[in-house]
C-alpha cells in the first residue's frame, strides 16, 4: 500500500488523483491533503476517505474546515502549516499539483524528507529546476512526471540509455486560438481562452495553453527532468491530442506514446511506477475511425511564448523564474480583464529585458527572483510602469 499526500487535492489534477486512489484501494491510500481555500470540497474528501491530516492555506477557510470535519482530522494552517504537515506525516509519495510557484518550497521539503515526488506543478522545475534535481539526486528521490507530455516521454525512455536519445518532441494541441489571426489577438476574451479544445483544466493552465506559455514551461521542465539540451527539444502542434509526446533516437527512429486524452493515465502511472494497472473507464483508440493525425509547426510570431521560454532556459540562473513569475501575474490580470491577451506576451518579453540575471544557489535566490518578477509585473498592471 503506497501512502500518498496530495497537495492541491481540490483542483483538476488533485481531484482526478483522488479518483485514481479510490479506484485502487488496495494499492494506494491518501494520508493527507492540502488546498488553498476550497474548504467544502476538501471537507468532503476528508470525510469520504477518512483522512487524518489536512492543510488549508487560507486561515479563514481553515477555521471553517476544522469546524466541518471535527477532531477526526488535524488541520494545519497556512504555508508554514503545509511545511509542518510534510514534516510530520509519514508518506511514500507526494503529488504536487499546487498552482504556480507555490509548489516550489513544499516540493523541496518533501525531497529533504526522502519522499518520492509525483510532479504536476511544472513551475517548480521552471523556476528551480537545477536546485530541485540536484537535491533529489542527493536524497535518492524519484521525480515522476504527471504532465501528459512528460509522462509520455518518460514512458518512451524506459529501458533506453541517455546516449541513445537524439531529441525530445513535445506535442501541443495549439489551444483555442491557434488559427486566430494575430491582428485579432487584442480582441481575444477570457471566456474564449477557457474553452480548451481537448483538456478540462484549471483557469491558469488553460490560459497558459491559449498563449502557449504552457508549452514553453514544459520545454524548460523537460530539460531538467530528462537532462536534454534545449537545442534537442522540439515542439510540434498535434491538434487531435492523441500523440502525447515522442522521443527520437540516434538511429532516427521515433517512439510515440498515444492514447485518448485522460489525465488519470499519467497520474496513475506516476503512482504505480514501474507497474501498470488498468484504469477504470479508460477508453481505447478506435483505429478504424480515428482518421488523420495532423502536425503543424508552432507560429513563433503569433505566439512568442515559445522563443521566450527557450531564451530564458538557455540563459538560466534566475531568468526562468522571472519569466514564470511575470507570466503568472499577467495571466491573473488577464483573468480579471485588467490587461489584454497580447499584453501577456509583451509583459514577459519586457520584464526579461529588464531583469539582471543572477545565479541560483539557494531557495532564497529563487524567492528573491520570484518577488522581483511579481513586483515588476504588478507595477505594469497597476499602470505605474510602461512596457
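Each Cβ is built from the backbone N, Cα and C atoms, and glycine gets one as well.
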TrEMBL Mn(2+) site partner of 147, 149, selected from 68, 71, 88, 218: 218
Of the candidates 70, 175, 202, the one that TrEMBL places in the NADPH site of 10, 11, 12, 13, 121, 123: 202
Residue 121 (NADPH binding site): tally of other CB atoms within 10 A of its CB: 27
Residues near residue 147 (Mn(2+) binding site) in space but at least six apart in sequence (CB under 8 A): 119, 120, 122, 218, 221, 266
Rounded Cα-Cα span from residue 13 (NADPH binding site) to residue 149 (1-deoxy-D-xylulose 5-phosphate binding site), Å: 14
Using Cα positions only, nearest of the binding-site residues to residue 214 (1-deoxy-D-xylulose 5-phosphate binding site) (12, 13, 121): 121
